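A.B. asks: Questions regarding the structure given below will be posed in turn.
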Amino acid sequence: MISPALIFFSAFLCHVAIAGRRMWPINTLKCTPRVCPFAGILENGVVRYTTFEYPNTIGFACNPGYYLNGTSSSKCTEEGKWSPELPVCARITCPPPPIPKFAALKEYKTSVGNSSFYQDTVVFKCLPHFAMFGNDTVTCTAHGNWTQLPECREVKCPFPSRPDNGFVNYPAKPVLSYKDKAVFGCHETYKLDGPEEVECTKTGNWSALPSCKASCKLSVKKATVLYQGQRVKIQDQFKNGMMHGDKVHFYCKNKEKKCSYTEEAQCIDGTIEIPKCFKEHSSLAFWKTDASDVTPC
């Protein structure tokens with residue numbers, strides 16, 4: 001018995017015999033497999049196949065952001081039909097995201113109704129005095145849910161201590177919280193080492209705790225030095241002392257080459273070390289040339 005999946009084709013070619021009678025050739029029939037109709041293009045997806053002949057199977061897959069609504073494969077039947085019916089690719093959506101405690105929506109735009117599409121994002125922000133732990137942006141995933149939500153926690157910082165030889169100002173309230181600021185300053189002749197303004201961070205600590213550093217009294221009475229690229233008289237520029245962190249370059253003599261060079265000195269919290277090569281010029285030794293007036297090496 002011949003399968004109904006095979007189609008008969010007759011090749012009725014009549015041949016003329018020598019005796020004048022007509023005869024049918026022996027090989028006149030051919031069977032070929034049934035062919036199912038073209039599966040078409042799967043919108044937002046792909047169809048994987050080799051042929052559409054019985055009993056082949058075709059497969060389906062959707063592009064990122066879409067899911068198969070229906071079967072993942074279909075078979076060509078003896079009747080020349082696909083079974084099960086061909087699927088469609090439906091768009092993945094996420095419901096409105098839950099809002100974390102002590103948080104609010106910063107950026108949120110739905111794609112259809114109240115739902116969001118795959119890879120749509122939502123941005124959260126924390127209420128005042130609450131710090132965010134985790135990513136502020138969540139994304140609609142291929143599974144139809146949102147990536148991990150952030151957490152908003154209340155953060156408090158201790159009252160900042162007043163630095164020695166300085167002062168600090170901060171908001172007059174019982175508790176200092178996340179993002180609150182404090183401003184530091186120093187008394188005269190002292191310089192702030194660190195930022196003037198600091199902030200309460202999410203760790204419960206201040207971003208910095210600056211201190212006040214003392215100025216330096218110079219043992220040198222008169223000298224020409226380099227300060228910030230300019231030649232200055234040390235007795236004029238630093239008559240009240242050098243501030244912490246200030247740098248100057250003293251002129252020194254190279255006796256062998258009869259030329260001058262410079263050595264750096266820096267004031268560090270009330271202390272400055274004068275270069276050993278420096279010799280303070282005496283007005284009594286008027287015949288001697290000051291190192292600052294000697295040709296550079």
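Just so it is clear, glycine is given a Cβ too, placed from its N, Cα and C backbone atoms.
Okay, so Swiss-Prot annotates it like this:
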{"type": "DISULFID", "residues": "Cys36-Cys76", "note": "disulfide bond"}
{"type": "DISULFID", "residues": "Cys62-Cys89", "note": "disulfide bond"}
{"type": "DISULFID", "residues": "Cys94-Cys140", "note": "disulfide bond"}
{"type": "DISULFID", "residues": "Cys126-Cys152", "note": "disulfide bond"}
{"type": "DISULFID", "residues": "Cys157-Cys200", "note": "disulfide bond"}
{"type": "DISULFID", "residues": "Cys186-Cys212", "note": "disulfide bond"}
{"type": "DISULFID", "residues": "Cys216-Cys267", "note": "disulfide bond"}
{"type": "DISULFID", "residues": "Cys252-Cys277", "note": "disulfide bond"}
{"type": "DISULFID", "residues": "Cys259-Cys297", "note": "disulfide bond"}
{"type": "DOMAIN", "residues": "20-32", "note": "domain 'Sushi 1'"}
{"type": "DOMAIN", "residues": "34-91", "note": "domain 'Sushi 2'"}
{"type": "DOMAIN", "residues": "92-154", "note": "domain 'Sushi 3'"}
{"type": "DOMAIN", "residues": "155-214", "note": "domain 'Sushi 4'"}
{"type": "CARBOHYD", "residues": "Asn69", "note": "N-linked glycosylation site"}
{"type": "CARBOHYD", "residues": "Asn114", "note": "N-linked glycosylation site"}
{"type": "CARBOHYD", "residues": "Asn135", "note": "N-linked glycosylation site"}
{"type": "CARBOHYD", "residues": "Asn145", "note": "N-linked glycosylation site"}
{"type": "CARBOHYD", "residues": "Asn205", "note": "N-linked glycosylation site"}
{"type": "REGION", "residues": "215-297", "note": "region 'Sushi-like'"}
{"type": "SIGNAL", "residues": "1-19", "note": "signal peptide"}
A.B. asks: Please list residues from the chain of Cys297 (disulfide bond) whose Cβ is under 8 angstroms from its Cβ, counting only those at least six apart in sequence.
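C.D. replies: Listed in sequence order, they are Asn254, Lys257, Cys259, Ser260, Tyr261.
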A.B. asks: Determine, using Cα-Cα distances only, which of these recorded positions is closest to Asn205 (N-linked glycosylation site): Cys94, Cys126, Asn135, Cys252, Cys267.
C.D. replies: Cys126
A.B. asks: Can you grab the distance from Cys89 (disulfide bond) over to Cys186 (disulfide bond)? Cα atoms, rounded to a whole Å.
C.D. replies: 69
A.B. asks: Measuring Cα to Cα, how far is Cys186 (disulfide bond) from Cys216 (disulfide bond) in Å?
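C.D. replies: That comes out at 15 Å between the alpha carbons.
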A.B. asks: Below 8 Å Cβ to Cβ and six or more residues apart, same chain only. Which residues does that give for Asn69 (N-linked glycosylation site)?
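C.D. replies: Expected: Pro87, Val88, Cys89, Ala90.
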A.B. asks: Tell me whether Cys62 (disulfide bond) sits in a helix, a strand or coil according to DSSP.
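C.D. replies: DSSP call for Cys62 (disulfide bond): strand.
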A.B. asks: Would you mind sorting out which of Cys36, Cys94, Asn135, Cys152, Cys157, Cys212 (the recorded positions) have a C-alpha within 10 A of the one on Asn145 (N-linked glycosylation site)?
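C.D. replies: So the list is Cys94.
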A.B. asks: Measuring Cα to Cα, how far is Cys157 (disulfide bond) from Cys76 (disulfide bond) in Å?
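C.D. replies: About 71 Å separates the two Cα atoms.
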A.B. asks: Express the distance between the Cα positions of Asn114 (N-linked glycosylation site) and Cys152 (disulfide bond) as a whole number of Å.
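C.D. replies: The separation of the Cα atoms works out to 25 Å.
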A.B. asks: Can you give me the Cα-Cα distance between Cys36 (disulfide bond) and Cys216 (disulfide bond) in Å, rounded to a whole number?
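C.D. replies: Cys36 (disulfide bond) to Cys216 (disulfide bond), Cα-Cα distance: 96 Å.
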